[in-house]
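Asks: First, the structure itself, so that you have it in front of you.
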Amino acid sequence: MHFAALAILSSLVASAAAHTRVWGVWVNGVDQGDGRDIYIRSPPTNDPVVNLTDPAMACNVDNRVVPQWVSVKSNDSLTFEWYHNTRDDDIIASSHHGPIAVYVAPAASNGSGPVWVKIFDDTYTTSWAVDRLITAHGQHTVIVPDIPAGDYLFRAEINALHQADVLYDQDPLRGAQFYISCAQITITPGGDETLPAGIALPGAYTDSTPGIVWNLYNGSDPTEYVAPGPPVWTDALGGSIALVGIPVLPNTTSSAGVAPTGAA
């Protein structure tokens, strides 16, 4: 069998048990505890969003206000930690190559309308962003922008490309797979940079958007890949994909969380 066909078959098999979502966040290297349904607007499953017109493109399925908010300051480091089934397993299948992005929006919007501002993305350098995320135990960091104090949604996005050679509209069993989690974050104190106009999700990603269709298996040069969405906001403060701390919470598949402690 041709290598490309084998690779596609392998990705199909792996995708059945390779999904992911965010467990919680770290602030300046301090674990804020299990955030699922506590300060993370956790979806009921770790399945991806594949329909670009689905309202779940904003904050995944079951977007709603959850009980708590994590307190940060402008210029703090905010780290997302992804997981598969438990906190100590591989966070996603190694076949799920692709980029990572982080957006921010005022919480009052509930993620609706042209409110999402991209503050970080990472595609391919010497390896795909997701490959490096696996090595980093699912942890990637953004620096909290110098935006005014208030409540915000920080939206982490993985775009897995292992089935992105075909549009979802052409084959509902395929298409780019978006793993999305939104964290409720309170910035206090804040800064004086005004967020620019954002994009709407759903809406901004369409079948013709660069980065939605990509064939991992036909020899395409990954350094030419362009991530979906706008460029990173020019006043964003950057981020990285790297391990910031070793999880210490008990290994559990329950959705119960503990109160976040905020920045230390």
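Cβ atoms are placed via backbone N, Cα and C, with glycine included.
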Asks: Out of His96, His97, which does Swiss-Prot tie to the same Cu(2+) site as His19, Tyr179?
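Replies: According to Swiss-Prot, the candidate sharing the Cu(2+) site with His19, Tyr179 is His96.
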Asks: For Asn51 (N-linked glycosylation site), which of the recorded positions His19, Asn75, His96, His162, Tyr179 has the nearest Cα in space?
Replies: Tyr179
Asks: Which state, by DSSP, holds Asn110 (N-linked glycosylation site): helix, strand or coil?
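Replies: Going by the DSSP assignment, Asn110 (N-linked glycosylation site) belongs to neither helix nor strand, so it counts as coil.
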Asks: When you measure from the Cβ of Asn75 (N-linked glycosylation site), which residues in the chain that are at least 6 apart have a Cβ under 8 Å away?
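Replies: Within the chain, Asn75 (N-linked glycosylation site) has Cβ neighbours under 8 Å at Ile143, Val144, Asp146, Gly191, Leu237.
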Asks: Which one is it: of the recorded positions Cys59, Asn110, His162, Cys182, Asn218, whose Cα lies the shortest distance from the Cα of His96 (Cu(2+) binding site)?
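Replies: The answer is His162.
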